[in-house]
Amino acid sequence: MTDAATNMRLKLPITCFILEIILIILFGTLVQYDHETDAKQWHNQSHEDYENDFYFRYPSFQDVHVMIFIGFGFLMTFLQRYGFSSVGFNFLIAAFALQWATLMQGFFHGLHGGKIHIGVESMINADFCTGSVLISFGAVLGKTSPVQLLVMAMFEVTLFAVNEFILLSILGTRDAGGSMTIHTFGAYFGLMVTRVLYRPNLDKSKHRNCSVYHSDLFAMIGTIYLWMFWPSFNSAITAHGDDQHRTAMNTYYSLAACTLSTYGMSALTAHDGKLDMVHIQNAALAGGVAVGTAGEMMLTPFGSMIVGFLAGVISVLGFKYLSPILEDKLKIQDTCGVHNLHGMPGVLGAIVGAVTAALASTDVYGGGLSDVFPDVASGDVTATKQGGIQAASLAVTLGIALLGGLIVGFILKLPIFGAPPDTICFEDSIYWEVNGDVSPAVD
Amino acid sequence: MTDAATNMRLKLPITCFILEIILIILFGTLVQYDHETDAKQWHNQSHEDYENDFYFRYPSFQDVHVMIFIGFGFLMTFLQRYGFSSVGFNFLIAAFALQWATLMQGFFHGLHGGKIHIGVESMINADFCTGSVLISFGAVLGKTSPVQLLVMAMFEVTLFAVNEFILLSILGTRDAGGSMTIHTFGAYFGLMVTRVLYRPNLDKSKHRNCSVYHSDLFAMIGTIYLWMFWPSFNSAITAHGDDQHRTAMNTYYSLAACTLSTYGMSALTAHDGKLDMVHIQNAALAGGVAVGTAGEMMLTPFGSMIVGFLAGVISVLGFKYLSPILEDKLKIQDTCGVHNLHGMPGVLGAIVGAVTAALASTDVYGGGLSDVFPDVASGDVTATKQGGIQAASLAVTLGIALLGGLIVGFILKLPIFGAPPDTICFEDSIYWEVNGDVSPAVD
Amino acid sequence: MTDAATNMRLKLPITCFILEIILIILFGTLVQYDHETDAKQWHNQSHEDYENDFYFRYPSFQDVHVMIFIGFGFLMTFLQRYGFSSVGFNFLIAAFALQWATLMQGFFHGLHGGKIHIGVESMINADFCTGSVLISFGAVLGKTSPVQLLVMAMFEVTLFAVNEFILLSILGTRDAGGSMTIHTFGAYFGLMVTRVLYRPNLDKSKHRNCSVYHSDLFAMIGTIYLWMFWPSFNSAITAHGDDQHRTAMNTYYSLAACTLSTYGMSALTAHDGKLDMVHIQNAALAGGVAVGTAGEMMLTPFGSMIVGFLAGVISVLGFKYLSPILEDKLKIQDTCGVHNLHGMPGVLGAIVGAVTAALASTDVYGGGLSDVFPDVASGDVTATKQGGIQAASLAVTLGIALLGGLIVGFILKLPIFGAPPDTICFEDSIYWEVNGDVSPAVD
């Protein structure tokens, strides 16, 4: 089940080694401890140990880390014969992307005397950027080689950093949980890549493009971890104090409301009134995506629940009615349905964020306005203008994602990366040693 | 495998949507950020960011959250054909219950100008209340429809809040880890519900009421997470400082001792000297339940280990000898054996708490007495009296749980909720789309 | 499939009960709360609650706890018929070892008026010691009875505490993440035990000494958790502030680099250019082991990545080329390949630590030198000397581990512990009730 084209004996080692050696050289040249991780600098200053940012953010970082490696990794194990690749390629490209993201984000977010300074906040940001790559991975799942995925990750991380720089640093956009920078960007980038990589004969692998009983249970591990730790994700880089606290709580209630609307919609739309695991595994998470921008704002639990409720509804409707249209009419083969989990809910989140920002006032935020909307607090822009900036940022993000995905998609079409043939998609054994008996349920 | 009665096409959506819309309206009317999540209030006061309760409790909250959604959810996947429902219904009813609990507990624990104030502590309390509902779910597992479960959750959360109010606010009971309020209440409520829902012909589904190899491994994910994070559970809402620290440590040693007695008892009582997965999955956790009340007290690791050891012993004995009697004589069909994991160990925990409270003194607690026993420290009651209050609280809890379970059980018997027939219990495919091949091990 | 020798009906209960009763008695006699868990002592002093060590270390502790129980436990479930034992015996011996380690480490690390004082730091240390036992368990996996494992744990914990005492307290070695004390010690101890327990006819169980599809996925749960939380492991007991922060970050980058070299080497060396799950599950973790000593030092992310990269390379090479030689020539039957994951990377970590220590200077560490190298900061030793001490510590560790393993191996050969015969190794059903159908993939 291997032919020369998909054989990874040289392609993958060469790619891994070259990338890692480049990373090591660049880290050696460019990267330094920041003042909270450097022994000398930390001890040069006068402060208490508990003021170190580590104690404010490391628990959140670890939750985010779990979402990236367990959450995304296991969510995609729902395919019956693609569990090794789902967890394993997720692992590989995330380990690469977080290193590359450290450099790209460090470069764009401001050098210090030509050096990139890193600490727990940059680690979280690197994981966030990695998350965006993994969303795109979901769109092309089962149809790409590990070398293609690494190449995609390299370009996508770079473009992510460019978009993030434009939004956060140039425009002054607020997007702590990444409805735009992470979810919208990752989804539409991935959708465009999978469009360019369209496989007219993917039907030949159709019998493997579904779940078996236990693969769905493995996927639920991913779902539940993503769901539980989303409050930590959205609050991981918000300001210390009330901001982290409020963001986590808004997300918590959004997700809870989203879960109820997902179950309701699933039973309503699925065959015979039965619940569909695809909906539960994915749409129940849309509530986290949809408060990614507004979660840190004074959205209130009430507002969060309305947003979460709507996110669940549109996500299930997307899986049921829109995905087949995207595939049939637009030739977008979106394996995991990232358009429904990250795309539409991300756009919803951007809009909610724009509206909530436009309504901001000192009356509501008091002295906390400068944490959430520093440009409004300083008088540089009005709240209405901030809302407009937020909306414009969505357009910028969509533009960069789609254009970037288009270009990267064509790069990935080069026949040198060892992509699987249409007949052997969604199949681990093309890239992995798989013992004789695999799973009784296949072929 | 579906007939009209169990078809969820309308029943489940209507229930989910009505409940969620009611929740949203009530949240909009009644719920506000507390002074640590509200931007204006937090910035109005003078304090450091690290003093925000978020940093004291959020890591514990996340551990509790994992217990609720992964711990309870996967623990119940031991059944061979009920994995989707175990994780999935756990997910649904927990997402509902935590919202409803926010309102019920907020209402009983004190309104602020007619408003419920929420933050990380209320989130933990909501998760705690949810845990109680999930314990009751364990008793009726495999025999109820999702609509029944939501209805049960609605009533049980309400009664939980009433009982909790009587204990904590009226009587002044101490029960930080919920031996009484969570475990005893959830277990006996669930046992009474399953008694009322007695199914004389459940034998017809008996062949599905057992595990297969991999379903037992999935269940171990739940067990181990519950075991690991129980120290966080018991310490999540104890006082800052030594109290959280001590509670976590007491629980850690109680669980370790419980594990050894569980393995010993399992080999001693099981067939042919072989270990029984049911014991390991459940009884090893009884040590966490049994120090739920006394864990915050000066129980010492020594005392904790004795309690944990005993809890493991009685829990295995319960599984081996008492459960068959409950089923045959009292017609209590307790699918997960919650009487052995939560019922008896909860009662043990209440008694241990009463005794430990009665022995409290300034000599032992010093200035910390006011954190653990405020009423004793203030002189309102003697330590002996506090012990008596603790013991009385157990009786109150049992009474409300049993009476509440009786009433709610009869409500759940109404033929409108789509319960499965006796022949199709413990079976996912009645409420879930399940792909053709399920698991090779069935029917 | 049971005969009298392996029947655990009496052996296991007697062992568990005697051990636990001894533990309880010793805890009652010797163990006290430390000043941060004791109500009276904490309230006698003047400090803020957020200064309690609980808030500095408990999140790390919980991550370590997950590594011990989920990480190690599930990593070993890769065997097709040994999942119950992998998770279950891991659970049992860890629960025992952490109690025994509290006593042994407390005894060696200094008594306070004849008493052992415990808190979150001692809990972390107990879990660390337990980790060492679980590494040795990996070497003998599938070939030992639970009673043998408990006996092994009892002796190994004791020797671990002796070695740790010599290194940390007598020699003044630095080894926060335990490259030497945990990994090197555990690996070489276990390798010597398995050498002494050599089974010439193990071939008869060969057909069970491999994975099936879903068992490899369960194992990936263990791998990913170990990988994600290794930054917490290495930083769990380093000094507050920059030290914990820096250690976590160094480990994060070491692991990321290790993952890329592991994938590259796996494709390069494995059959047909395909990735081998054994490499991914294990070698990708070697980067955490290899910065166990130097992680808290000013190794820089650059240095960490080089170390991680090398660790991945040598680990895969070990699995591919060295393990077969160890088995054929040296008769070391190392089920999990702990030599490749913990042995060689542990030695590498010790060497890296020695070199990094020898290069330490006030110029680089500033006022932080006293946190990382107190003896150098105080002028008691030079940095070069510290490097020499580190190197000597490796030799001491290897000596105690090998000699200890030799003796304990012979003790475990006593025919009274119920070890399985050569024909029924790697088989759950000898010690566990296993339902009729197990997994379709066997025998």
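Backbone N, Cα and C define each Cβ position, glycine as well.
Just so you know, TrEMBL annotations are computer predictions that nobody has curated.
Noted in TrEMBL for the protein shown:
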TRANSMEM  B:12-33  transmembrane segment
DOMAIN    B:51-414  domain 'Ammonium transporter AmtB-like'
TRANSMEM  B:64-84  transmembrane segment
TRANSMEM  B:91-111  transmembrane segment
TRANSMEM  B:123-142  transmembrane segment
TRANSMEM  B:149-171  transmembrane segment
TRANSMEM  B:177-198  transmembrane segment
TRANSMEM  B:210-230  transmembrane segment
TRANSMEM  B:250-270  transmembrane segment
TRANSMEM  B:282-299  transmembrane segment
TRANSMEM  B:305-326  transmembrane segment
TRANSMEM  B:347-368  transmembrane segment
TRANSMEM  B:388-412  transmembrane segment
Inset, instruction - Sort out for me which stretch, of B:64-84, B:91-111, B:123-142, B:177-198, B:210-230, has the most Cβ pairs below 8 angstroms to the transmembrane segment (B:12-33). - result: B:91-111
Legend entry - Whole-number mean of pLDDT values that fall within the domain 'Ammonium transporter AmtB-like' (B:51-414): 97
Inset, instruction - Test the contact criterion for the transmembrane segment (B:347-368) and the transmembrane segment (B:177-198): 3 or more CB pairs under 8 Å, pairs 6 or more apart in sequence, then answer yes or no. - result: yes
Inset, instruction - Counting only CB pairs under 8 A, let me know which of B:64-84, B:177-198, B:388-412 has the most with the transmembrane segment (B:210-230). - result: B:64-84
Legend entry - Positions whose Cβ lies under 8 angstroms from the transmembrane segment (B:177-198), at least six residues beyond its ends: 128-129, 131-140, 143-144, 152, 156, 159-160, 163-164, 167-168, 233-235, 247, 251, 288-296, 326, 330-335, 338-339, 341-343, 345-350, 352-353, 393-394, 397-398, 400-402, 404-406, 408-410, 412-413, 419
Inset, instruction - Residue list, the transmembrane segment (B:149-171) vs rest of chain: Cβ under 8 Å, 6 or more residues beyond ends. - result: 15-16, 19, 89, 92-93, 96-97, 100-101, 104-105, 107-110, 129-130, 132-133, 136-137, 140, 180-181, 185-186, 189, 193, 389, 392-393, 396-397, 400-401, 404, 407-408, 411-412, 417
